[in-house]
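Novice: Below is the structure I would like to discuss, written out as structure tokens.
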Amino acid sequence: MLTKLIYLNLFSTSLFPTIYSTIKASSSSSSIHSASIDKIYNVPMKDISRPLQSVLDEHKVQSLMKTIQTMENDQIPPIDVLWYEAPNSKNNYFFAMGGCHRWEAYKRLNSETIRAKLVKITLNDLKIYFGSSLPNLK
């Protein structure tokens, strides 16, 4: 519970007031990383790095595209985006490791944003994900 309180306090500052808009969270689908996170953001896709190459099921991408176009946007579960804020700087880094079919569907529809839960991580967390391939973060 303490982690959740700290996380929510991060967003009570004016860090994301105009770039990321808060929308109603859907609790029906979540990952182990974001199960305790209620807030969903419309994150600009251009700000998110996807370091892993996707293996896509074309039928699934097409189905998601159709769903995005015909249904309410909040019926598509948000992707998890790992958020690292570099200390002693104002740089924020966003990484999406999963959600490849949703990502591709939004990309093909030329969406500027994607619904995401932001999962705050540390440099040590990033080292676990990237190992020796960790990008130079300033």
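In case you wondered, yes, glycine gets a Cβ from its N, Cα and C as well.
Because TrEMBL annotations are produced automatically, they should be read as predictions rather than curated entries.
According to TrEMBL:
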{"type": "DOMAIN", "residues": "41-136", "note": "domain 'ParB-like N-terminal'"}
{"type": "BINDING", "residues": "Gly99, Cys100, His101, Arg102", "note": "ATP binding site"}
Novice: Non-local Cβ contacts of Arg102 (ATP binding site) (under 8 Å, 6 or more apart, same chain)?
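Specialist: The list for Arg102 (ATP binding site) reads Leu64, Ile76, Pro77, Ile79, Ile114, given in order along the sequence.
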Novice: Where does Cys100 (ATP binding site) sit by DSSP, helix, strand or coil?
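Specialist: Note: Cys100 (ATP binding site) is helical by DSSP.
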Novice: State the count of C-beta atoms found within 10 angstroms of the C-beta of Cys100 (ATP binding site), not counting that atom itself.
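Specialist: Excluding its own Cβ, Cys100 (ATP binding site) sees 19 Cβ atoms within 10 Å.
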Novice: With DSSP as the reference, give the number of residues of the domain 'ParB-like N-terminal' (41-136) in helix, strand and coil.
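Specialist: Taking each residue of the domain 'ParB-like N-terminal' (41-136) in turn, the totals are 39 helix, 25 strand, 32 coil.
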Novice: Could you tell me the mean pLDDT the prediction assigns to the domain 'ParB-like N-terminal' (41-136)?
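Specialist: Across the residues of the domain 'ParB-like N-terminal' (41-136) the model's pLDDT averages 91 on the 0 to 100 scale.
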